[in-house]
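Chemist: First, the structure itself, so that you have it in front of you.
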Amino acid sequence: MSVGELYSQCTRVWIPDPDEVWRSAELTKDYKEGDKSLQLRLEDETILEYPIDVQHNQLPFLRNPDILVGENDLTALSYLHEPAVLHNLKVRFLESNHIYTYCGIVLVAINPYEQLPIYGQDVIYAYSGQNMGDMDPHIFAVAEEAYKQMARDEKNQSIIVSGESGAGKTVSAKYAMRYFATVGGSASETNIEEKVLASSPIMEAIGNAKTTRNDNSSRFGKYIQIGFDKRYHIIGANMRTYLLEKSRVVFQADDERNYHIFYQLCAAAGLPEFKELALTSAEDFFYTSQGGDTSIEGVDDAEDFEKTRQAFTLLGVKESHQISIFKIIASILHLGSVEIQAERDGDSCSISPQDEHLSNFCRLLGVEHSQMEHWLCHRKLVTTSETYVKTMSLQQVINARNALAKHIYAQLFSWIVEHINKALHTSLKQHSFIGVLDIYGFETFEVNSFEQFCINYANEKLQQQFNSHVFKLEQEEYMKEQIPWTLIDFYDNQPCIDLIEAKLGILDLLDEECKVPKGTDQNWAQKLYDRHSSSQHFQKPRMSNTAFIVIHFADKVEYLSDGFLEKNRDTVYEEQINILKASKFPLVADLFHDNKDPVPATTPGKGSSSKINIRSARTPMKVSNKEHKKTVGHQFRTSLHLLMETLNATTPHYVRCIKPNDEKLPFHFDPKRAVQQLRACGVLETIRISAAGYPSRWAYHDFFNRYRVLVKKRELANTDKKAICRSVLENLIKDPDKFQFGRTKIFFRAGQVAYLEKLRADKFRTATIMIQKTVRGWLQKVKYRRLKGATLTLQRYCRGYLARRLAEHLRRTRAAVVLQKYYRMQRARQAYQRIRRAAIIIQAFTRAMFVRRAYRQVLMEHKATIIQKHVRGWMAHRHFQRLRDAAIVIQCAFRMLKARQELKALRIEARSAEHLKRLNVGMENKVVQLQRKIDEQNKEFKTLSEQLSMTTSTYTMEVERLKKELEHYQQSPGEDSSPRLQEEVESLRTELQRAHSERKILEDAHSREKDELRKRVADLEQENALLKDEKEQLNNQILGQSKDEFAQNSVKENLLMKKELEEERSRYQNLVKEYSQLEQRYDNLRDEMSIIKQTPGHRRNPSNQSSLESDSNYPSISTSEIGDTEDALQQVEEIGLEKAAMDMTVFLKLQKRVRELEQERKKLQVQLEKREQQDSKKVQAEPPQTDIDLDPDADLAYNSLKRQELESENKKLKNDLNELRKAIADQATQNNSSHGSPDSYNLLLNQLKLAHEELEVRKEEVLILRTQIVSADQRRLAGRNTEPNINARASWPNSEKHVDQEDAIEAYHGVCQTNSKTEDWGYLNEDGELGLAYQGLKQVARLLEAQLQAQSLEHEEEVERLKDQLEALKEEMEKQQQTFCQTLLLSPEAQVEFGVQQEISRLTNENLDLKELVEKLEKNERKLKKQLKIYMKKVQDLEAAQALAQSERKRHELNRQVTVQRKEKDFQGMLEYHKEDEALLIRNLVTDLKPQMLSGAVPCLPAYILYMCIRHADYTNDDLKVHALLTSTINGIKKVLKKHNDDFEMTSFWLSNTCRLLHCLKQYSGDEGFMTQNTAKQNEHCLKNFDLTEYRQVLSDLSIQIYQQLIKIAEGMLQPMIVSAMLENESIQGLSGVKPTGYRKRSSSMADGDNSYCLEAIIRQMNAFHTVMCDQGLDPEIILQVFKQLFYMINAVTLNNLLLRKDVCSWSTGMQLRYNISQLEEWLRGRNLHQSGAAQTMEPLIQAAQLLQLKKKTQEDAEGICSLCTSLSTQQIVKILNLYTPLNEFEERVTVAFIRTIQAQLQERNDPQQLLLDAKHMFPVLFPFNPSSLTMDSIHIPACLNLEFLNEV
C-alpha cells in the first residue's frame, strides 16, 4: 500500500495549530511523491496549502475513520498518534460526558469538576465480578481487576494514581478504596473498612491545602496498603507518607492557604472546649493570612472540622489526645504571631515578656516561658574547648522560629500517621495486599525549588517503572501469540535518574555542600556546573548563575538553587528541642524523643512478592547530633527506593488523572493543558510503544465476521476460518510485514485496520449504489402506475359528479312544485280551523251557563229534602223512647212481686229438719281443724310475744345507751356534733327518699322509653324496608348509568390496594430475609467461636424453644397468644428479659399492669383503714346481737333437695344440649352459606341462655315449696315429741334467700287483692291459705327491710367511691396544672412536641386497654368454639355408635344363626410413633432424605406423613408431642437447607414440602374458610384439639426463607449466562458487525477458554428449573412468581450492562435484543407462564432495544422517544443515546443537540436519580392457599423411607 493510496483526495489529516494544538483538514487533491505541499480544506471551508519537509518526508498525521472515534480504548484506534489520542479524549469528554478512557494498561481520568452519579453502590455491584474490557472504563473496573488478580494469582497488587495538582488523584484513590471496602468488607465486627475510609478526612485536614490550581491539593504523597486474609476480606491497612510540604506551614503564596486543619480549628474556636486555645479568626494569625482570602467557596470549615473529629474518634484517638493535638496546632499559630524586635546594633533581637502569643504558645505546650523567650533569640556554639551563647539577627531568629514551627508540625504529622496505622493494624495474618499510591505528578512552575525537584525525581522513577512494565507486557503478549519478536526502542530515563541519585550526582553534591560549615547555594550550583555540564540531561541557563536546568522525560525544568541547602538541612536548634522535650504534657514530650518505635509492619503473606518489610516513610530524626543527622534529600531517596521495591514486587495498575482546564470549569476542555499532561504522565509513551509494534489485534472469529464482505464466494466454501483470513489478507495487503498471524489473533501494523475499513466501506458503497439504482427505478415505476391509476379514477369521479348534479337539479325542481302545493293547502286549512275553533268555544260557554243554572235548582231541592228527613226521624225516636221507659217500669214491678213470693217459699223450706242435717255434714271435721289451727297460732303468738319482749328489752337498753352517749356528747366540748349528726341523718334520709323517687321516676321513664323505642323500632323497620327498596332502585339506576366509571374506579382501587399489599409484604419478607441472614451470621460466628475456644461438643437449645427462637417474630410472647398481663409476666420470666424486650406491646402491658397494681394497692390500703376505724367503733359500743340460727334439719333437707334438683336439672340440660347440637348439625348441612351460620349460632345461644334462666327460676320455686313442706312435717313431728324450741326460727327456711324485688312486690299485691276480695274467713282458711299469706307478708316485709339496708349501704359505698374519684381527679388536675405550667415555659415547637407526646401516651394506653379486651374476647371465643367442636364431635360419635349398635342388634335379631367374621378397621389417616423414635423420624424423613428416593411417589409425600403424625398427636391431645415434632421438623429443614445451600433441586423439594405442610395445617385446621373445597372424608381428618396458627406463621416465614434461597441459587446459575446470551451472542447470524477492540480485550483477567453462552442455554436452564419444580409438586402460583423474579433479574442485568457498555449500544444489538426477548416470551407462552407478569418485567429492556432502533434526528423523533420510553428514566435514556455507537460508516451518530432536546422534554419527569436497576431487588412472595384433593387414608408410605416404626391408626 503506497503513500499515494493513503494520501488521496478526500482523505482527512491532522495539522498543527497554535491555539487548538491539532486541527483537522481534508485533502482536495491527491498527493504524489515529490510534491512540496498539500492542498487542504479546513473544517471552516478555508483553503490552505500545507508545506511538506521533503528531506524527512514528514507528512501530516492521518485521521481515523469516524467509526473509530470515541472508542473506550485508545489502542483500538487504527492510527496511533498524539492528535488521534487528544481528539478521542475530547470527543468522549465533551460529547458523551465520559471522564474515563483506557489507553492500554492505563486508565485516563479527566476531572469533570462536577459531581457525577456514577459512584453509587449499584455501580460498584455492577462492576464486581466483571472482566475489565467488558464494561465501560471506570476506576471501579481497575479496582476490580486488581482485586480479581490478587485472588486468582495470589500476588500483591498496586494502583498508582498520579497527575497534576487538581487533576483528581485523591478522589480517584478514595473511590478505589471505597470499592475495596464494599467488595472486600471485613468478615468480623471490627469495621476495618470504615476505619480505612475514615482516615481520608484526617489526612486531608492535616495534609491538604488550597493552591492556585486546586482547592484541595494534597501536599504530600501517600501509599496505603489494604491487607486481606485468605478469604480476601479486609483485615487491616497501613499508610506511608512522602515529602510533606513543610514550608507551607510558614509561607503561602497569593491566593493560597495553609493546611486545612488551621482554618478548621479557627472556625471552631468558639466551642466551649476550645476556649483555652485562645484562638480567634484565621485573619488574625500570620501563618494563615499570608495568602489573602482565608475561605474557600462552598467549603464550611466548621463542618469539616466536625467530620475530622468524628474520624479521630472512629479511629480510636482518645478525647484527651485530640485536645492535645489541637493545642499543638494552635501553638504553631501563636508561635507564628510572636513579635520579634530587632536591637539597634542589628545583630541581636528580643521578645517582649508580655507577648500574649508567646505566653499562649508556652502554656499550650507546657514549657517554661523564660527559657523559650531566651532561646528563640539566642543560639549555642560548641567548640572543642568551651561553649558560647550567641545572639542572632532578626532574619536568623525568624528563620529559627519558622524552622521550629515546621518541625513541630512535621513531628505531629508523623505522630498522627503512626496512630492511624496503629488503629488500622491487625494481629491476624495477612495473606495479600493491594496498595493505592496517591502521589504528586510532574510539576513545573515559574519558580521551582527543592520540593519540585524531589517531586519530579519521584516521577522519573515511576516513569521508568511504568515504561519497563509496558514493555514487558508487550513482550509477553507477542510470546504468548507465538509471533516473531523484534526489539522495540523505547525511551529510557535512567541517565536522568543517574544524574540525580548516582554518585556525585545532584543529591550527593547537595548533601556534601550541607556538611561544609559555610556552604552556600551559589557554591553548590557552581559545583553542579563544573561536574555535570557535559551531561545531556543537564544545562546551565544563560542569564543566571544560581539556577540549573534538568531535562526530564516530560519537559525541561529550571530550578532556582536558592533555599536548597536550608530545606535539605531542615535545621532546628537543639536548645529549642530540649525545651520541648521537657514539656509537662506527655504527648508534646513524646513527639521529640529519639526512641520512638516505628509502626509494626504488616505481616507478609505467602510468596516472595509479599515478603517486603513495610517501614515508616519518615526515619526518626536525631536532632541532638547534627553531624550524623540525615538530610531531607537522603531520607526521600531512601523512602523512594523502598517504594519502588514494593511496587516492583507487585502487579501495578495505572491511573493517570488529567486536569482539563485551569479555571475549574465543568466539562471544559483545554487542548494545550491536556497535551502537556498527556506527555508528562506517559500516556503518549504507551501509545508510541504500542504503535512501534502491532497495535491492532483481532481475533480470527471477529475478523471474519467484520470483513467477510471482502471474501470471495468460492473462499467461503472453506470451513476453516483461519485459512479464510490468511487468504483474504494475503490478497488485500501485499506487504507481509504489515500483519502477523498469532495463535488466536491477527496482529496489524498501525494504519492497516483503517485501510481494511476503507476497502470494506468501498465494497459497501458499491453495493449501496447498485441497490439504490434498482430501488429508485422500481420506485419510479410504482409512482407512474400510481399516477395513471389516479388519473383514471379522477376522470371517473368527475363524470359521475356531473351526472349526479343534473339529476339533483331535476329532483329539486319537482320538489319545489310539491312544496308549493302543500304550503297553499296548509294555509287554507289553518284559516278554516281557526273559524271552527271560535264557534265551538262560543257554543261551549253558552251550554255551560244553562247547565249550571239547572244544577243550582236541583241542589236546593235536595237540601230541603234532607232537612225534612232528619226532623221527622227525631220526632219518631222521641216517641219510641217514651214507650220503652213505660214498659220497663211495668216489668220491674212484676218481677219484684214474683221474687217476694219465691223468698217466702224458701224461708218455709229452711225451717225443715232435713235441711239442717245436710248442713251439719262435715262440720265436726272442720271444727277440729280450726281448733288445731288456733292452737298453732297460739303457740306462734307466744313465741312472737317472747321475741317481742326480748326485742323491746334490747331496744330499751339501746335507747338508754344512746341517751347516755347523747348526754356524753352534749357534755363534751364539741356540743355542735349532735345537731350536725341529726342534720346529716336528715340529709341522708332526704337523699334516700330522693333516690327512691328518682328510681321510681327512672323506672317509669324506662318503661315509657321502652315502649317508645319499640314503636320507634317498628317505624324504623318500616322505613328501612322502604329505604331498601329505594336503594335497590337507585342501585339499578346507578349501575345502568355509570357502570363503566364504577368499573374503572374499582380497578384503580384494586390496583392501589394490591400495590400497598405488595409493599407491606415486601417489607415483611425483607425483614424475614434479614433475619435469616443474621441467623446465618450468628451460626457462623458461633462455629468460629467454638473453633477458637477448642471446646468439644456444643450446646443445644431447649427443645421447647428451638423452634420459636428461630423465628424473628417471637410468637412465644406475641399478644395473640397471651390473654392477660399475668401470662405475659410468666412468659417473660420463662424466656428471659432479652427477648421479652423485643416485644414492645408486652413491655407497655407490663408498665400498665404495674400502674394498675399500684392503684389497687392504694385503694385496698384506704379500705383497710376505713375497716379498722369501723371495727374500732364497733368494739367501743358492742350491742347485743340476737342471731337466729337456721334449723340444721331444715338446712340438711334443703341441701339434699337442692342436690337432687341439680342432678335432675343437669340431666335435662344435657338432653337439651344434645338436641341443640343436632339442630346445629342439621342446620349446618342445610345452610352452607358463610354468613348464615353465625346468625343461627347466636340465635341458638340466646335461646339456650333464656331457657337456662327460666329453668333456674322454676328450680328455685320448686326448692322453696319442697323445703316448706319438709320443714312443716319436721315441726309437726317435733311438736308431738318435745317442747317447742323458743329459739327456733319461725320464719320460712327460704326467707333469707334473695328473691327478686319485682316478684316480691307482685306477690304482696296479689295477697292484698285476695284479702280485699274474700270476706269469708272460713273459706279462706279452709286450705291453709291464711298462713301462707301471713308468711308471704312477713317475707315481703323482711325483703323490703333488707333492700332498704342494702340501698343505704350502696349509697354509702357510692358516696365513698365518688369521694375517691374526686380526690383522684384533684390529683390529676394538679398534675395537669404542673405540666401546663412547665409547658408554658417551653418554646412553641417544644409545646407542640410535648402535647403530641402526651396525646400519644394517652392513645397508647387506650389502645392497650382495647387490645386486652379484644384478646380476652378472642380467647374466650376460641375456647367456646373448641368446646363446641369437641361436644359436636362427641355427639356425632355417640350417634354413630348408637346407629351402629342398632344396626348390629337388628342384624343379630334377623340372622341369629349366621356366623359373622370380625372385620378389620379402616386406616384413619393417622400415624403413631413413640417419643424415642422422633429423632429417627426426622433423620429418615428430613435430614437424610434425597429427592431422588421419591421419584415415583406422591409429590410432597414427607409433608403428608408429617401431618399424619401431627394429627395423631392432636387426636391423643398430646401438646408436647406436637410442639416437639414441629420444632424438630423446622430445625431439620433449616439444617438441610444450610448444608445444600447451592442445590436447586433440594431447595425446591423442601419449598414444595414446606408449602404443602402449611396448606395441610390450613386445610385441616377446622376453619370454615379453608374447608370450602374439602370432601366429607377430608373433614374427618381435621385437627380436634389444637390451634396451630402460630406454627403456620413460623412455617410461612420458613417458606419465605426457602423461596429466597431458591431464587438466589437460580440467579447464581443464570447470571453468568445472561450478558453473553442476551447481548454478545449472535442470535441472528451476520447481523452484528464487530468493531475493533482495544488492549483491554486482551486483559489478563479474561480466561483463555470461550465462556460464551447462547440464548438456548438460558432456555435450557429455565426448562430444567421448570421441570424440577413441577415434578416436585410445587404450587403453580409459586412457580409463576419464581419465573417473574428470574425474568426481572435477566432484565436488570442485561439493561445494566447495556448502560455501562459502549460497544453493545448499536442498532444491531437492539435487533438482537428484540429477537431474544421474543424468544423468551414465546417460551413463557409455551409453558403457560405468561400470566405470571414476567413479560411485563422485561418492559424497560424492550424499550431500550426500541430506543436503539429508532430514528434519532428530528424533533418528531425526540417526541416519539419520550412517549415510547415510559419505563426508562431520563438518565437511562440520555445514557443510551450517549453510548450509541454506529457499527458502519453509513450509520450516523446521535448529535449533542438531539440529546439536549430529549433532556429538555423530559425535565418534567420525576424520575429517580439512580442510573442502574437494582438487580438484587426481590418481589414479595405470596403463598396462596392450595388445598389437596388427596385424603390421608389413601397415602402409601414406600419402604425406601425406612419408616417401619410408624403405626397406622
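A Cβ is built for glycine as well, from the same backbone N, Cα and C atoms used for every other residue.
Sharing the feature lines straight out of TrEMBL:
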- G163, E164, S165, G166, A167, G168, K169, T170: ATP binding site (BINDING)
- 1203-1265: coiled coil (COILED)
- 1334-1464: coiled coil (COILED)
- 977-990: compositional bias 'Basic and acidic residues' (COMPBIAS)
- 1167-1180: compositional bias 'Basic and acidic residues' (COMPBIAS)
- 8-60: domain 'Myosin N-terminal SH3-like' (DOMAIN)
- 69-761: domain 'Myosin motor' (DOMAIN)
- 1527-1804: domain 'Dilute' (DOMAIN)
- 640-662: region 'Actin-binding' (REGION)
- 967-990: region 'Disordered' (REGION)
- 1093-1123: region 'Disordered' (REGION)
- 1167-1191: region 'Disordered' (REGION)
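Structural setting of the listed features?
Modeler: Neighbour density for E164 (ATP binding site): within 10 A of its CB lie 25 other CB atoms from the protein chains shown.
Model confidence over the domain 'Myosin N-terminal SH3-like' (8-60) stands at 84, taken as the mean pLDDT rounded to a whole number.
For the region 'Actin-binding' (640-662), the list of distant contacts is 89, 93, 103, 105-113, 139, 142, 145-146, 149, 153, 155-169, 172, 176, 213, 223, 240, 242, 435, 437, 441, 457-458, 461-462, 465-466, 469, 608-610, 612, 614-615, 617, 668-670, 673-674, 677-678, 681-683: same-chain residues at least six beyond its ends, Cβ to Cβ under 8 Å.
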Chemist: Would you list the other residues of this chain near ATP - those whose C-beta lies within 8 angstroms of the C-beta centroid of G163, E164, S165, G166, A167, G168, K169, T170 - in sequence order?
Modeler: N111, N214, S217, S218, G441, C657, K659
Chemist: Which residue, out of the binding-site residues G163, G166, G168, shows the minimum number of other Cβ atoms inside 10 Å of its Cβ in this structure?
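Modeler: The binding-site residues G163, G166, G168 were compared, and G166 has the fewest Cβ atoms within 10 Å.
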Chemist: Do any residues at least six apart in sequence from T170 (ATP binding site), in the same chain, have a Cβ closer than 8 Å to its Cβ, and if so which, in order?
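Modeler: Result: S200, E204, N208, N216, S218, D438.
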Chemist: Provide the number of Cβ atoms within 10 Å of the Cβ of A167 (ATP binding site), excluding the reference atom itself.
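Modeler: For A167 (ATP binding site), the 10 Å Cβ neighbour count is 25.
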Chemist: What is the total of other Cβ atoms whose distance to the Cβ of S165 (ATP binding site) is within 10 Å?
Modeler: 19
Chemist: Enter the number of other CB atoms within 10 angstroms of the CB of K169 (ATP binding site).
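Modeler: There are 27 such Cβ atoms around K169 (ATP binding site).
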Chemist: Based on DSSP, tally up the residues of the region 'Actin-binding' (640-662) by helix, strand and coil.
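Modeler: Helix/strand/coil tally for the region 'Actin-binding' (640-662): 9 helix, 8 strand, 6 coil.
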Chemist: When DSSP states are grouped into helix, strand and coil, how many residues of the domain 'Myosin N-terminal SH3-like' (8-60) land in each?
Modeler: 0 helix, 26 strand, 27 coil
